[in-house]
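Report on the structure given below.
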Amino acid sequence: MKRRRNGFSTPYSVPQIAAWIALVLSFLEFILFVSPLMPLEISIPVTIYFVALIVGVVYFGSRTQLMDPIDLHLFNDLRALSQEDSTNNASDYFHITGKCLPQLYQRLNPEITSLPEEEMKQCWICETMVADHSMHCKFCNKCVYHFDHHCMWLNTCVGSHNYKDFFRTMCFIFAMEVSHFVIHLVLLIMSFVDDSDIADDWIVDGFAELVYAVLLFFALFNVVSILLIGQLLQFHVGLQRDGITTYQYIVRDHKRKRERLRLEDELRGQRTQKIVAAREQGKLLEVMRLRIGDQCRSAGCEMCDPLTLPEPNPEPDPEAGFAAALGTGANAGDDESDDGLDVRNADADAGRNSTNAYADNEAFSNGSGKSEHDSGDNERDDGANGFSLANENVASPYEEDTS
């Protein structure tokens, strides 16, 4: 698979094309339908303000897509290979056509003069040493420096190189959608309060209903966009507060869920032992209390359960979990094998008490205990599909996807 340099490298994604079309339609709707409905003394400053927001979205969105978030060490290796042989795949990565694009790429992606001293690991897909915090994205087919997520809406990976511009893009989109919705709301309210039909003042009589239908449609679109972008912004503000990336968040979340399943299995085992002991002692009320507590816990009322979950293990180091789940480190094979063995052992113990829970945990354990190459792919799949999300998703390659 050919390496993609940035968000404007082919193939383009459907969400990316849809996002740019939606931006153009929002601009045209404002100019053709919204601005003429407002009094001139209000229309001019409001239009200038709205156009400025759109310019900000286009500027920072384009910067995010044009920047190359590639791992610095991989970039230098590809550069060296392209200079040695102009016919190999590495030379294609640096081939940029056009008159203005080469200068623009060089300005946004300056030449790397020195590499930072940092922990390294082997990426078996790129076949080179990369930074320990980098991750290989299957959509872009390259390791991304300080990988956060793959954004399907911008069709590029988000890393340390372009994360700030990505966040600014989201802020401008959120401000634009909120402003657009408020203006729509005011105009729609005025159309019901004011006796005169403001739409008939600038358009042929009889088409006022069409104008208001367009305003209502875009107002509803604004509401959906505000909810999605607002959720995404809130999520990334939380990530910045915790000092972690989207990918690290998903790895940590998987570990917590797996630990939760282990504790619940252990609790089931304790309950079974206590029920058996109570029966042997003839304590039927205690047996009934334990069974009712199990039903209450299943219904979400943990306070009604006489038993409590065992104490969880110490919180795992997010950086260690990030490197292990990546599966591309120099020592990732040994670390990942140990991690997979521990998980399988824990699942086996839990399975003696609950076969169903064991099956669920084993399914997850198999995903993290495979070869390091498969594990890296599985984690990347989770990332892309989870966060393009709202998150975009968020995309994340969870999907961002986790846009």
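Just so you know, glycine gets a Cβ as well, placed from its N, Cα and C.
Heads up, TrEMBL stuff is auto-annotated, nobody curated it.
Per TrEMBL, the feature compositional bias 'Basic and acidic residues' maps to 341-350 (among others).
Residues or ranges marked as compositional bias 'Polar residues' in TrEMBL: 352-369.
As annotated by TrEMBL, compositional bias 'Basic and acidic residues' applies to 370-383 (among others).
Feature annotation from TrEMBL assigns domain 'Palmitoyltransferase DHHC' to 118-250. Here the domain 'Palmitoyltransferase DHHC' (118-250) is broken down by DSSP into helix, strand and coil counts: 75 helix, 20 strand, 38 coil.
Under the heading region 'Disordered', TrEMBL lists 307-403.
Remote same-chain partners of the transmembrane segment (12-36), defined as residues 6 or more beyond its termini with a Cβ less than 8 Å from a stretch Cβ, comprise 43, 46-47, 50-51, 54, 57-58, 152-155, 176, 180, 183-184, 187, 202-203, 211, 214-215, 218, 221, 388, 392, 403. According to TrEMBL, the transmembrane segment annotation covers 12-36 (among others).
Residues 23, 26-27, 30-31, 35-36, 165-166, 168-169, 172-173, 175-176, 179-180, 183 of the same chain sit 6 or more residues outside the transmembrane segment (42-60) yet have a Cβ under 8 Å from a Cβ within it. Among the features that TrEMBL reports, transmembrane segment is placed at 42-60 (among others).
What TrEMBL lists as transmembrane segment is 170-190 (among others). Long-range contacts of the transmembrane segment (170-190) within the same chain: residues 26, 30, 34, 37-38, 46, 49-50, 53-54, 56-57, 60, 198, 212, 215-216, 218-219, 222-223, 225-226, 229-230, 232-233, 236, each at least 6 residues beyond the stretch ends and with a Cβ under 8 Å from a Cβ of the stretch.
According to TrEMBL, the transmembrane segment annotation covers 210-233 (among others).
This prediction places the mean pLDDT of the domain 'Palmitoyltransferase DHHC' (118-250) at 89.
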